[in-house]
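There's a structure below that I have some questions on.
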């Protein structure tokens, strides 16, 4: 019996042997590969390596042949042949199909660059978290500015707006607005029937000054960051299109924009909110531009300093709301360190944003760790990869007690501690995979996208379960009183007893 017959399953082999059927044609012959064997995955891996090697050899042969033909035709082009060695390196830890995809993209990019006489640019790791991300808002605005006429208003405005990192600024402003809305004001939807001063409510004007001032402070910090490191930005794929790298703006214009936004933002917070919030806004600029940015070249501790910067905006929102209902002199001690513990909610929100920076940034930096290293920026992703995963896991676990703390301090209902648990568990699970696999096999991508969705979901859950909000909504809709109160009546008493002076008691007015 032939070897091809021996490779078939036992039942089919016995049938073919006993029936003595004539040999099957090539179109009818069953192959052993039709039946999935236990060695399927090893064969796929081996085939992937073989295909990659074959594609590299074919690329080398094709480019060499093309170069030889050009030389024979007397071409004057000085373009060097594109070989596998000339292509950007591809991470060997990727899955086979990812590796082949990266090789094809690298070959196509190298061929296009060679045709245009340019130097091939390194490709982003296709397994990195940033592989599926669209260009950020700064890059899009810089591209729009570059396409506009040199002296046009569109070019100048787009370039200046690009300095502010719009998406990051929006996140900063939202992280200040949520604690402002969640501050436990005594009356959220209704005002006091007796004296509105006894039941303070959130002021739309204060919220306007808070958002405007925070936006300007964030824009100032981001512009100063770009002013400090245009040389390192030019070495990284995700930052090489920034306006100062592309010389869309002069350094003088960027300095004026940064200083102007910083002054306007702190003044708006000082006069429109309170001095404590203004100080926090100025401190945020100083820490981000004066400490975090220079530390990136010195130590991986820069990540912790950057996380502190991320935790300040929630404190700003909380202090802004606390200033409206302050019963004392409204100093920073009362707003941030109240003796009755009412400021704990603000610090818990600051802790949430501080902890969130690590499961978000660690997988993001892992995908471009080689670029960080080439640019001279010290990140745990390449200085200590094992610790990089441990840090992401450690701060992912911190979300569980922080969410419970918000319920325990009366900021949210206890249902928030329950509903936030599945979201926090999802983040922890992705962080465990990122730690165990050290970023490989898609674990970095999984944790990055989990962190992207995690924070807004937690914020929405907290807003939807603010302490006492739904009870007040119910009473406001159905007209039920907030508490049982006695009727206000007048009782006449003798002048000898009451002296003719009206005396107010709870539920009763004596006259």
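Including glycine, each Cβ sits where the backbone N, Cα and C put it.
A quick note: this is a predicted structure, and the numbers were derived from the prediction, not measured.
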What range among 1-27, 163-189 does Swiss-Prot record as region 'Disordered'?
1-27
May I ask you to indicate which of 377-397, 398-418, 419-439 is given in Swiss-Prot as transmembrane segment?
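Checked against Swiss-Prot: transmembrane segment maps to 398-418.
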As a test: from 303-323, 344-364, 398-418, 444-464, pick the stretch that has the greatest number of Cβ pairs under 8 Å with the transmembrane segment (253-273).
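Of the candidates 303-323, 344-364, 398-418, 444-464, 303-323 scores highest.
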